[in-house]
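K.L.:
Take this structure first; my questions come after.
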Amino acid sequence: MMTSRLPSCFGLRFYAKRAATIRAKPSKLASSVGIGAKRSKKTVKKKGKEVDIFNYGKYVGLKERDPGSETKGKELLDKLSSFDQLKILPEVRNSIKNIIKDETLSKKAKESEDVIPSPIQLIAMKKLSRTLMDPKLQHHAIAAETGSGKTMAYLIPLFDYLKRQETEFPEDWEFMQDKAIIRSVIFLPTHELVDQVYNTVKKTENDLKFHVYKWDSGTKYPEIVEKLKNRIDILITTPAKLLNLFNIRMISRADRLLSEVKFVVLDEADTLLDKSWVEDTHRAIRSLPNTNHLLFCSATIPNDFNDTLERLFPNTIPITTPRLHKLPKSVDFKIIDSSINPFKGSKIKALAQTLYAIANDSSEPGFEKRCIVFTNEKKDVPYIVEKLKVTYGHDCIGLTSNDSVEERLEKIHDFITPPKPITMKKETPKIENEDSVEVEGSNITIGDFSSKTSVKNSNSESSLKVLVSTDLMARGLNFQGVRNLVLYDVPQTSIDLIHRVGRTARMQQRGRVFMITDKKTKSWAKALPKVIKKNMTLK
């Protein structure tokens, strides 16, 4: 295991001046992930046992976890296994179960009479329910591995809180139910995530009677003004959009609209509090002066994020799972070495053959396959897409920040919806002059590539759709049932690695990740299959 000797920076410069004069106490979240842990540390003791920690990447990106918090999480999960064991209003419990059953791709789960909550859903609701209706300001940070059901982990207490306001404080509810107010806000960093969370939350409109609204890039000012004439129970938007309320001339007192906001969620909080977002996010939070609950939610706890919580919200209480900062156990991780023959150092040839193998294997019978390809640089996306389409005949699209929100939503549609059944046998790309060669340590069979390799494909449609993008698509999006993922470039940090790999193998489903390496690839990247096998925590 390699250990980087580079410094574990970087703090937020935006707050450097304030930090120099005021030293806040370390938050409980900081202690839960091991503030002050040394870079060279590879194992920690837990009741006589050693817990492996793997130093991935050029920099130390993630805080080490306190083994004690992992033990507490496991002890709590040993006692809980059902929504019925949690303090949730019956109508909220039923609504949550219906949503989870509706959104799952598991046939067994859909047909089951009961719905089993995920670990983070159990732990979060158990801890939050103890003081849910306590009027004092409460800060909590929900942190769990990718694809673990974190969205529902914060929606359950939010729904329960709003319904308890109505039932436990009837006089207050009678006064506010017809007022032009906003009761809760969910902040997200991208409009794709705003749309995704909205599509989940709006399913409560019939049974829980919540008034749900999303304010995204396509919303016109007259529309939001008209909507704000009535009560909004849950507003889903970005911090910048909320701040725009104070710039709309048709709204005279934005502060009054926000005065009844009691529950605030920051989803993908490590992004919303990074140095490019933190000013807008902090201003948006300060515009909600009567907040009762402030929830931060993230799949990773980067050093910078933890430092920001220490400075701005030092009383934050952590809610974490034992698998935080670990790659999914259900992912099958393969290394594809582009430096060996027949690729001769060509990563694009290695990628094309990997996709060819995925398209032609026996996985996902009867359904259209989807694959996401991640690259480190935006400028590489058009090149990869052109090569895959023109030279190798793959059904491929590219997505970057240059695309409009509407274009991005259209491009990702086939990847965030369930896989489509195949009604006819489709021909997949066939590569001429194939001499089968097996790559050791992977399930890829390689053909004989030459610079003039052509593709035979008589059918314009393919049973494999490919999306090429950057980390723009690596955060929070629920790519439903996407079983294949290719890392065209090796992620440089453990943070990027966790979020990219987390687009597959979600909610205990199986997934495959193929990482293309070359002669420059470091040993810490090549060790990833063993990291997953040994259940190691990334740092």
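Every residue, even glycine, has its Cβ placed from backbone N, Cα and C.
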K.L.:
Motif 'Q motif' per Swiss-Prot: which of the ranges 81-109, 197-225, 313-341, 342-370 is that?
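P.N.:
Matching range for motif 'Q motif': 81-109.
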K.L.:
Report, as a single number, how many Cβ atoms besides its own are within 10 Å of the Cβ of Thr151 (ATP binding site).
P.N.:
22
K.L.:
Within 8 Å of the centroid of the Cβ atoms of Ala144, Glu145, Thr146, Gly147, Ser148, Gly149, Lys150, Thr151, which other residues of that chain place their own Cβ, given that this set defines the recorded ATP site?
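P.N.:
Residues close to the ATP site, other than Ala144, Glu145, Thr146, Gly147, Ser148, Gly149, Lys150, Thr151: Ser118, Ile120, Ala153, Ala299, Gly502, Arg506, Met507.
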K.L.:
Tell me the coarse DSSP state (helix, strand, coil) of Thr151 (ATP binding site).
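P.N.:
Once the DSSP labels are grouped into three classes, Thr151 (ATP binding site) ends up as helix.
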K.L.:
Cβ-Cβ under 8 Å from Lys150 (ATP binding site), same chain, 6 or more residues apart: which ones?
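P.N.:
Listed in sequence order: Ile120, Ile142, Ala144, Asp267, Cys297, Ala299.
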K.L.:
Which residue, of the binding-site residues Gly147, Gly149, has its CB surrounded by the fewest other CB atoms within 10 A?
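P.N.:
Least crowded of the binding-site residues Gly147, Gly149, by Cβ count within 10 Å, is Gly149.
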K.L.:
Once near-sequence residues are set aside, which residues in the chain of Thr146 (ATP binding site), 6 or more away, have Cβ atoms under 8 Å from its Cβ?
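P.N.:
Ala299, Pro328, Ile498, His499, Val501, Gly502, Arg503, Arg506 - these are the non-local Cβ neighbours of Thr146 (ATP binding site), listed in sequence order.
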